[in-house]
Amino acid sequence: MSFGCKCGGELNSKLDALLDRYRGQPSALIQVLHQAQELYGYLPRKVLQRVAGALNVPLSQVYGVVSFYSFFTIHPKGKHQISVCKGTACYVRGAGQLLDRIKEELGLKPGETTEDGQFSLEVVRCLGACGLGPVITVDEDVHARVQPERMSDILAAYRQ
Amino acid sequence: MSLVTLTIDGRQVQVPPGTTILAAARQAGVKIPTLCYLEELNVIGACRLCLVQVEGARALVAACVTQVGEGMVVHTNSPAVRQARRLNLELLMSNHPQECLTCVRNTSCELQQLAAELGVGEIRLQGEMSPYEVDDSSPSIIRDPRKCVLCRRCVAVCEKVQGVSAIAVQERGFDTVVAPAFLAPLGEVNCVNCGQCSLVCPTAAIHERDETDKVWAALADPEKHVVVQTAPAVRVSIGEMFGLEPGSIVTGKLVAALRRLGFDKVFDTDFTADLTIMEEGSELIHRLQNGGRLPLITSCSPGWIKFIEHFYPNLLPNLSTCKSPQQMFGTLAKTYYAQKEGIDPVRIFVVSIMPCTAKKYEAGRPEMTSSGYRDVDVVLTTRELGRMLKQAGIDFESLPEEDYDAPLGISTGAGVIFGATGGVMEAALRTAYELVTGATLLSLDFEEVRGLEGVKEASVNLAGTELKVAVAHGLGNARKVLDAVVNKEREYHFIEIMCCPGGCIGGGGQPVPVDNEIRAKRIAAIYQVDRQMPLRKSHENPAVQALYREFLGEPLSHKSHELLHTHYTPRERF
């Protein structure tokens with residue numbers, strides 16, 4: 001397996017157990033996908049093929065569900081998840097510049113992961129902290145009133 | 001059962017409860033436009049072109065998914081209805097390429113037809129165009145998502161009729177697209193190339209790969225000796241391309257038309273259908289008598305072959321090793337016929353006219369070169385041939401009736417019934433019975449294996465042995481039979497499977513539209529051709545007898561195996 005999974009063997013046996021639990025139950029598709037993504041951090045092609053086979057759902061339909069819901073991803077997530085709020089308040093207070101800055105720093109566009117697997121970037125709408133805009137979150141941490149020039153330091157703190 | 005009474009456009013209509021407004025209107029002779037609707041298969045109310053006004057309802061309702069109610073008053077032609085339908089159509093057209101003049105479905109496109117019927121006089125709305133490109137990865141089927149109206153009819157057929165689900169609806173919002181998983185190219189997934197999607201697509205978003213240019217080029221090349229074979233089903237369907245009634249038998253005109261196009265010889269796949277019976281019938285008898293793997297399953301239908309390779313690879317040893325009649329023909333054209341006529345096989349160019357898109361894939365399979373050359377050079381569907389004839393300015397209806405050329409054009413009624421579901425089985429039974437019992441069959445008609453029932457079973461007494469047979473058409477029905485065999489719920493000796501509903505007459509390369517009424521008419525025509533043939537048993541075909549005498553030796557001989565038999569490739573399920 002690629003990065004994002006610490007131990008292919010352990011994860012795969014967990015997937016086996018998960019699939020055994022729902023074998024032959026097409027209606028369990030979404031919850032199985034949820035749990036599989038929890039295991040792997042994303043939904044690799046091989047995992048989707050195994051889910052399709054076990055639940056007896058055509059792969060085209062499994063992919064249809066995965067590509068419909070933005071929660072699901074077929075791309076490996078980085079170790080750290082950067083979410084930039086582009087809700088109205090954050091947007092007018094400079095979220096766009098933050099995204100530009102992240103692109104400069106990490107070469108990342110929304111939906112992508114850095115090649116070293118450290119960071120993934122996504123855009124979210126309204127984190128419910130409009131007064132603190134522009135807001136970004138990195139993993140569970142909320143960073144308020146972020147100025148573009150602070151971005152380097154913020155990211156450095158997560159880099160190892 | 002008490003009927004529901006409702007009023008449609010001022011007229012009282014009585015229908016059973018549960019009937020949709022659409023069906024009730026049709027019964028009353030009122031036409032409501034539809035696009036996404038496909039009877040019994042795709043009833044989703046998505047396109048909103050069948051909107052009607054129901055008095056007392058909050059908004060316009062989709063007639064295809066709304067059931068009638070007692071006392072309901074429906075208006076199908078009010079200003080509000082007309083305006084809403086037209087706007088919805090304009091929205092569907094707003095991202096549709098305005099390429100009608102050069103489109104493969106020009107004059108047979110439902111969107112075009114609706115634009116005319118609903119009176120869309122100008123293009124008012126120009127939307128952003130689809131971000132997806134044409135997928136021409138498949139040898140059989142071209143996907144053009146730019147022309148897709150997302151009606152999902154193809155998805156419904158692929159899933160519900162064929163049980164394949166090679167394609168589904170992917171992504172969402174403006175990015176929504178009908179495609180394989182991971183948006184993979186169609187040529188790289190478990191698509192079986194049956195082309196049923198292309199039969200139901202209302203536009204040119206899914207259509208056959210057009211290879212008419214290759215045939216025009218070969219016909220114009222004086223170095224080439226161009227021979228053509230016509231599949232059984234084409235003679236009862238190509239008339240529809242020229243406005244004839246479904247089920248019109250146009251065998252003689254078809255032969256005449258092909259001569260006028262410039263083919264050097266016009267031959268018949270029915271000849272190698274008879275040959276298939278000799279080989280496959282012998283294979284069945286051999287397996288029965290030597291404890292071979294049973295049930296034996298027919299191998300004529302290339303969509304079915306790719307299906308079993310993907311979905312039931314464990315059953316591949318059950319498949320007959322016989323090549324399909326198309327491929328047997330190609331091989332013999334470049335060996336037997338070449339020798340007999342003293343023509344260098346390098347110069348021979350074999351064209352097939354098939355009701356089938358999967359035949360294009362079959363002809364290109366790497367193993368199909370046992371003549372030492374590509375056995376079949378180009379496969380054209382019925383639709384492509386129809387277009388060629390129109391381009392050539394041939395007035396099909398006024399053509400005289402002409403006969404096929406000898407020897408590869410000589411056939412029996414057993415060959416022609418390959419075109420209908422149950423036909424291969426019936427042809428095989430006619431021959432197997434006489435070969436095994438040595439007696440003459442009194443009645444040639446095995447009615448139990450005919451018709452549009454999804455799975456048919458019969459049992460035939462072969463010299464004291466009860467031969468149990470099954471026939472399935474449409475891959476969803478094939479699954480039922482195979483699962484019953486795998487789960488040991490049923491035991492058969494011999495199974496015929498055809499990929500497409502109705503058999504080859506309902507093939508994915510046939511004229512559009514196709515429904516069960518049209519399938520039944522084409523099938524009736526096939527059996528009529530059979531009845532009118534002087535010979536109706538494959539083993540009585542004099543040209544086939546001569547072929548064995550002069551060239552092959554006997555059925556299942558070493559030479560037969562080399563030229564007429566093949567092998568299969570297990571493939572991934574996804």
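Placement of Cβ uses the backbone N, Cα and C atoms for every residue, glycine included.
According to TrEMBL, the [2Fe-2S] cluster binding site annotation covers A:CYS85, A:CYS90, A:CYS126, A:CYS130. Taking Cβ-Cβ distances under 8 Å and a sequence separation of 6 or more, the neighbours of A:CYS90 ([2Fe-2S] cluster binding site) in its chain are A:VAL84, A:CYS126, A:LEU127, A:CYS130, A:GLY133, A:PRO134, A:VAL135. Following the DSSP three-state reduction, the secondary structure of A:CYS90 ([2Fe-2S] cluster binding site) is helix.
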Chain-internal residues near A:CYS85 ([2Fe-2S] cluster binding site), provided their CB is under 8 angstroms and they sit 6+ positions away:
A:ALA95, A:VAL123, A:VAL124, A:ARG125, A:CYS126, A:LEU127, A:ALA129, A:GLY133, A:PRO134, A:VAL135, A:ILE136, A:THR137
When DSSP is mapped onto helix/strand/coil, what comes out for A:CYS85 ([2Fe-2S] cluster binding site)?
strand
When a 10 Å sphere is centred on the Cβ of A:CYS126 ([2Fe-2S] cluster binding site), how many other Cβ atoms does it contain?
15
DSSP three-state assignment (helix, strand or coil) for A:CYS126 ([2Fe-2S] cluster binding site):
coil
